[in-house]
Amino acid sequence: MRRIAKILVSGVASVALALTIGIGSAATADAAAKCTTALKSYGHVKKGTKSKSAKAAECLLKSAGYKGIKTNGKFSAAEVKALKKFQGKVKLSKTGTMNRRTWVALLSRGSKPTLRYGDKSKSVKRLQSALTASGRKVPATGYFGPITRDAVKSLQRSQGWKASGKATAGVWRALQAGAEVKVKTSKPKKKKKKSSSSSKGSKGEIALAFAKKQIGDRYSYGGDGPSSWDCSGLTQAAWRKAGIKLPHSAGGQFRKGKKIKKSDLKKGDLVFFYSGISHVGIYAGNGKVLHASRPGKPVGYIKMSYMPYQGARRY
């Protein structure tokens, strides 16, 4: 009887141990499940930031395979280091801070499935989060409805593409390069003065003259003047002054105009840099471009040789 009792006690203990291990595994799984990356908005995150956005950034970096990441909602020096590596990998400025373009690139990271109206999947939810970070409020429901379709169309228009509303591989590539969705705002229309444009010189010279007047203005994402700019906002406004309408994106501007050899560059030509065409400046002569580069750097000149050249266009 004593031996039977010992066996029973031993069996109960084994079951209890197994249950404890199972409960522990479930607790670990629950903790991982709480790693939420689908937020209503994505805030600026830098070293020391404590917030839901900081935790979401940690979760995304950890899922991307970066080491030393703690998903505790406080952005650490190790996480800043990991973020810089990611930014460098996707050809973004290595600031170590979670800005809008970095959010878009990190949230959209992964496969590039074609998605369309009516689809429902985790990939749709990933797309929706990236679109929200890029400038349009798209609830991360996982269902590809009219709000998602409209946001995709906005992105396509901002890139100078046909607005089909379908999330193709091209849409994913744009997001993974940090593309932003421009939200249209009503602005008073300015009357074009054709006579002044034709009397002051070539269109390129007119565009460059406008850009020179913006030297010293601050950089801002999506900036299109009058006192702050992003790279394509500045070149768009410069060529608008010369009577040419261009989209507000480096990729869209690259797809328009006449292809120009590097050896044939003239003042005012647009020069494009980095794989994926993620930056543009206006040629100023002597191997230099005038551009709006990144946060903290005002509009100014830089030698073309400092950036990976991808091509040039004349309009």
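Including glycine, each Cβ sits where the backbone N, Cα and C put it.
According to TrEMBL, the feature signal peptide maps to 1-18.
The region 'Disordered' feature in TrEMBL is assigned to 182-201.
Positions annotated as compositional bias 'Basic residues' by TrEMBL: 184-195.
DSSP places the residues of the domain 'NlpC/P60' (201-315) in helix, strand and coil in these numbers: 32 helix, 33 strand, 50 coil. The domain 'NlpC/P60' feature in TrEMBL is assigned to 201-315.
Across the domain 'NlpC/P60' (201-315), the model assigns an average pLDDT of 92.
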